[in-house]
Amino acid sequence: MSRFVPYLCAEKMKELRENASAIVAPGKGLLAADESTNTIGKRFAAINLENTEENRRAYRELLFTTDPEFAKHISGVILFHETVYQKTKDGKPFVELLRERGVLPGIKVDLGVVPLGGTADECTTQGLDNLAQRCAQYYNDGCRFAKWRCVLKISSHNPSYLAMLENANVLARYAFICQQNGLVPIVEPEVLPDGDHDLETAQRVTEQVLSFVYKALADHHVYLEGTLLKPNMVTCGQSCTKKYSVEDNARATVEALQRTVPVAVPGVVFLSGGQSELDATRNLNAINKYPGKKPWALSFSFGRALQASAIAAWQGKPENVKAGQAEFLQLAKANGAASLGKFEGELKTAAGQKSLFVANHAY
């Protein structure tokens, strides 16, 4: 009797592989529009806008009804549960609108971080209970990929072995459950930029974390060709006094991936991690221009770095919708170019060089 069991049928593997590859098609990346109700409330507070369901719906409509040209640069959108079931003011479901434009709808399925006992202020992520049923429902409702975020912190004692092991296994369990239900899992082990650590420390920790993740994915029989990785770019801590160039960041990031990420993985979609819009775009561009071996597509899955200027231009006012859409489209184009190593010049956006860092950031 063979000890190897086919955990997914050939048809399901083909669908997962094709959708994962479509997400990282050349010149395209993801819009992360999966902020929780609480998190988007903080963004709205900055423009003195009340955090109501209608305002959240109107803002997401602004993004999704931008000139269809945005679909040349955005392959998919990560949605929050509420958004999956919202509609345009004309009554068209957002999921249907996105699919008509050739944009894959995705869904955030984790339920947030919780303290991890036996550690020094570390955490794990909850949401595995009834995940299979939720994934099946989201697939039926039109979603084709999912995202799950785990968080690790750098300090004199962290990340601990326990935190790396626990979060890697949580990500792997999530990934397998997603694949069983037809969703491409985006695996997000975020090493937070909080702290004063240097670039070398950030690289070493990122390599450790990714090593744990890919060991766990193998242990859980996850089909790598039907997954994507969403890691942090390797940068020094926010409070580090030493300055590094985008080329330094690119080298550290690519080396970390080379040492840990199997070539079977079709793509890496970086989170922006509180960088300014300009810094995130420049770093992505430098990563793609770096001359080392890069067997994966290297693209973006940005939230704040694709939206900050759009919100600032919109201000919650209907007459500013076109201005907000213009900002979003400009950022989508810039990052599409950066994912090919072809971004040049500056970003002339409302929040271009403004840091978007939030300490101990939670979605």
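Every residue, even glycine, has its Cβ placed from backbone N, Cα and C.
Over in Swiss-Prot, the protein carries these features:
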type: ACT_SITE; residues: Glu188; note: active site, proton acceptor
type: ACT_SITE; residues: Lys230; note: active site, schiff-base intermediate with dihydroxyacetone-P
type: BINDING; residues: Arg56, Lys147; note: substrate binding site
*By a simple count, how many Cβ atoms lie within 10 Å of the Cβ of the residue listed as 'active site, proton acceptor', its own Cβ left out?*
27
*Hey, does DSSP put Arg56 (substrate binding site) in a helix, a strand, or just coil?*
helix
*State the three-class DSSP label for Lys230 (active site, schiff-base intermediate with dihydroxyacetone-P), counting H, G and I as helix, E and B as strand, and everything else as coil.*
coil
*Would you count the other C-beta atoms found within 10 angstroms of the C-beta of the residue listed as 'active site, schiff-base intermediate with dihydroxyacetone-P' for me?*
23
*asked:* Please report the three-state DSSP label of Lys147 (substrate binding site).
replied: strand
